[in-house]
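Per Swiss-Prot, domain 'SH2' is recorded for 589-686, and the stated evidence type is sequence analysis. Residues annotated as phosphotyrosine in Swiss-Prot: TYR90, TYR682, TYR699. Annotated phosphoserine per Swiss-Prot: SER128, in sequence order, evidence recorded as similarity to another entry.
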Amino acid sequence: MAMWIQAQQLQGDALHQMQALYGQHFPIEVRHYLSQWIESQAWDSIDLDNPQENIKATQLLEGLVQELQKKAEHQVGEDGFLLKIKLGHYATQLQSTYDRCPMELVRCIRHILYNEQRLVREANNGSSPAGSLADAMSQKHLQINQTFEELRLITQDTENELKKLQQTQEYFIIQYQESLRIQAQFAQLGQLNPQERMSRETALQQKQVSLETWLQREAQTLQQYRVELAEKHQKTLQLLRKQQTIILDDELIQWKRRQQLAGNGGPPEGSLDVLQSWCEKLAEIIWQNRQQIRRAEHLCQQLPIPGPVEEMLAEVNATITDIISALVTSTFIIEKQPPQVLKTQTKFAATVRLLVGGKLNVHMNPPQVKATIISEQQAKSLLKNENTRNDYSGEILNNCCVMEYHQATGTLSAHFRNMSLKRIKRSDRRGAESVTEEKFTILFDSQFSVGGNELVFQVKTLSLPVVVIVHGSQDNNATATVLWDNAFAEPGRVPFAVPDKVLWPQLCEALNMKFKAEVQSNRGLTKENLVFLAQKLFNISSNHLEDYNSMSVSWSQFNRENLPGRNYTFWQWFDGVMEVLKKHLKPHWNDGAILGFVNKQQAHDLLINKPDGTFLLRFSDSEIGGITIAWKFDSQERMFWNLMPFTTRDFSIRSLADRLGDLNYLIYVFPDRPKDEVYSKYYTPVPCEPATAKAADGYVKPQIKQVVPEFANASTDAGSGATYMDQAPSPVVCPQAHYNMYPPNPDSVLDTDGDFDLEDTMDVARRVEELLGRPMDSQWIPHAQS
């Protein structure tokens, strides 16, 4: 069902929220009459931070205007005449509004569509059995909204009380002036004759006594009104503090935690729009109460009456200033975090946002935000309010940006699009700590003027910790530092303290989250996979996951100490698995065609009762990012065979599916699925040509084909009897595939258009030297390409 049809079925508060999304910036009539066209456009494909995408945004604006004009032209009849005029007016209005800033139109429509989807989803979840979590969230949000309504009513009540106090005081002042006038009349009685003076004096005395009695009584009433008003403001501020604590210390902190976990591959942190609407309501109510308190102070100064009110007002004024200060400083947040693995001399982006910028008119005097990089120790000093001015750990280019107010979405934000870390200054490292364990942070600071320079706040916010690298080879270990920090950081920590040890189930959760995100798969790590990983990490043979639940994993075990008998850490091995899956094997993993997390003995145990030609794919234990084929073929020499592991470089030359298609004696994918049924859709389709076919230039085309020497004769012997070795790839694919002898190499080291990297080149040289000089391990059957 189209989103707009569902949106029209919203009711109550959800319907009001949906209607509030529209206005002069984007009329709801445009959404209604162009609903199908709007929902069919790829609004999310445009990168709002990339100026080069401006062309796409302009095309969308032009398309929208054309569709509106077309819709207007098709209107007929009396009612159609009015609609024709209205739609034509909207076309002109939108063209005029967004002609110079088409990106704002994209931002506006994305904002609208996102919130419509959210409202529809919340409405649907609320009516489904699976919506218990959504129900709990809705209940919490309902409670917050009810508290806002209570605060609104209380604030309206204190406004009425303040007006009553003001009117009472104004009348009191008038009567007080009358009392002064009577006193002046007493002074003039001496000019009258005795009889008239006596008569006049008696009348004035009676009037004066009556008026003074009234003034004394009214002064007490005024004082009582003032005390009652101050007490009501105290109660309002208590409720405001409670509401602000829920929003800032609960909801906003949860959003930041989701943002942190999203850095590990968790679900997106979600929109800030609901949080911003709450913060704006807080700002509005706080500011109204602050203005009321200041007016009450002015009334007290205008007519001083001895009593406790002055002290009470001074207290509530200080309290509300603290509240608004906390609101402004806490709602200056990083909407889009900088990359947590930050390479020097590389462009990066970030976005900061003030959630109360529109309501407090901060945008009337657009503030400038500055970004600097500081060390972990400098971040600690900053939070202790120690003087760290101009104490930075590096130089960032393009690090200043003016905050912009986006009328369509009501957001005040600064988009740093072209920052680059020019240099970094490292601190002395502790013990075995490497450069990829050193944490920095990007500090964003600014100065906000609130209420027409009435209040000025210095605001600062820190990014999630970043690890600075100077070469791509450091990325693996830097990612481990970031993963550990994001997963196990505790709320309110001292920067950037993390536990040195965590329970194995906690690490399992983090690894699974990262794995699914990196491989971009819903097929995560199974219980059996986690048992295999635990065996690898702890060097224990138990097959029960429960046996590992109480065991702890230290950071050193994770990515500082090598695994027993290996020259790599647990994380380096796991990251290699993710890398090869992500780059070359993702569809096969999603199909369940890769068993992966089994060792050699487990593979043999699984294959022992299977027919010859059954094979499985498992991750190599000796080669980072390697995957090997284990298969069963009972011969005089052996029963189980293991092919030398393939790596990313191998799959860059020839895909896994094509390699498996070459090996005709591999028949069944474990447990019993025919190989071609699983892999044929991934074979490279090549037109069948005679073996002697020549290219236009007269050259004979070479072939690249996977060959295992021990099985080469059997797999190519077409005249032999029908054995398992005679199995060939699917008949729809030509078995004799032709390839260029030198296929494009994705390795940046060999890219003639790229930068020459000596270290990467030496890595390749060392690898080739190692392969040439390494004695053949009897556990592997070498593979070749012919």
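Glycine is treated like the rest: Cβ placed from N, Cα and C.
Features recorded in Swiss-Prot, as mapped to the structure shown.
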{"residue": "TYR90", "record": "phosphotyrosine", "CB count, 10 Å": "23"}
{"residue": "TYR682", "record": "phosphotyrosine", "CB count, 10 Å": "17"}
{"residue": "TYR699", "record": "phosphotyrosine", "CB count, 10 Å": "9"}
Could you tell me how many residues in the domain 'SH2' (589-686) are helical, how many are strand and how many are coil under DSSP?
31 helix, 22 strand, 45 coil
C-alpha of TYR90 (phosphotyrosine) to C-alpha of TYR699 (phosphotyrosine): distance in Å?
64
What's the CA to CA span in angstrom from TYR699 (phosphotyrosine) over to TYR682 (phosphotyrosine)?
28
Could you pull the average pLDDT for the domain 'SH2' (589-686)?
89
